[in-house]
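Visitor: Sharing a structure here in structure tokens format.
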Amino acid sequence: MSLRKINFVTGNVKKLEEVKAILKNFEVSNVDVDLDEFQGEPEFIAERKCREAVEAVKGPVLVEDTSLCFNAMGGLPGPYIKWFLKNLKPEGLHNMLAGFSDKTAYAQCIFAYTEGLGKPIHVFAGKCPGQIVAPRGDTAFGWDPCFQPDGFKETFGEMDKDVKNEISHRAKALELLKEYFQNN
């Protein structure tokens with residue numbers, strides 16, 4: 001039986017590595033399409049990105065939108081984390097919560113998948129609760145050094161990649177995608 005082929009539309013090498021590791025029984029290829037940066041709720045953003053990606057690729061596509069949501073700030077920065085991180089770095093994200101006693105947060109990953117043009121878009125969401133801490137560990141992947149998932153003493157930046165790829169928001173969303181593929 002041949003592997004299901006998935007065109008993952010991303011320009012982020014670290015996301016691609018994680019998706020390939022989690023979907024190891026699938027043939028994941030990367031398609032780098034310059035997608036618009038949409039604003040809105042995460043599910044809306046993922047669906048819009050998927051519609052735009054399928055127009056460019058003309059075949060099955062998978063897109064992702066990731067959020068980091070601070071409970072003390074009503075869910076901000078949320079889907080705009082990319083821009084906050086670019087300007088503030090992990091240290092600045094931690095400092096944003098300096099005036100709040102609530103350091104809890106959740107990482108959220110929304111994947112949107114379609115078989116092709118005119119086909120329905122399927123959305124898969126995963127969440128990982130945790131807290132924002134002073135940065136520790138590997139700084140190579142975004143906000144990983146300042147997010148410590150509940151039940152762990154390590155940040156994503158300190159954690160073994162295999163452990164992270166079992167518990168993360170991305171892993172949870174991709175588990176739902178795998179279930180969809182098994183049933184369709």
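Glycine residues also receive a Cβ, built from the backbone N, Cα and C atoms like all the rest.
Positions annotated as ITP binding site by Swiss-Prot, on the basis of sequence analysis: 10-15, K49, 65-66, K82, 141-144, K164, 169-170. Here Swiss-Prot flags E37 as Mg(2+) binding site.
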Visitor: Just jot down the residues in the same chain as E37 (Mg(2+) binding site), at least 6 apart in sequence, with C-beta under 8 A of its C-beta; none if empty.
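Guide: Set apart from E37 (Mg(2+) binding site) by at least 6 residues yet with Cβ under 8 Å, there are none.
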Visitor: Provide the number of Cβ atoms within 10 Å of the Cβ of K82 (ITP binding site), excluding the reference atom itself.
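Guide: So the Cβ neighbour count for K82 (ITP binding site) comes to 17.
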Visitor: Which state, by DSSP, holds V13 (ITP binding site): helix, strand or coil?
Guide: helix
Visitor: Please work out the number of neighbouring Cβ atoms within 10 Å of the Cβ of V13 (ITP binding site), leaving out its own Cβ.
Guide: 11
Visitor: Under 8 Å Cβ to Cβ from W143 (ITP binding site), same chain, six or more residues apart: give me those in sequence order, or none if nothing qualifies.
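Guide: Within the chain, W143 (ITP binding site) has Cβ neighbours under 8 Å at L68, I81, L85, P90, L93, F156.
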Visitor: Please classify the secondary structure at H169 (ITP binding site) using three-state DSSP.
Guide: helix
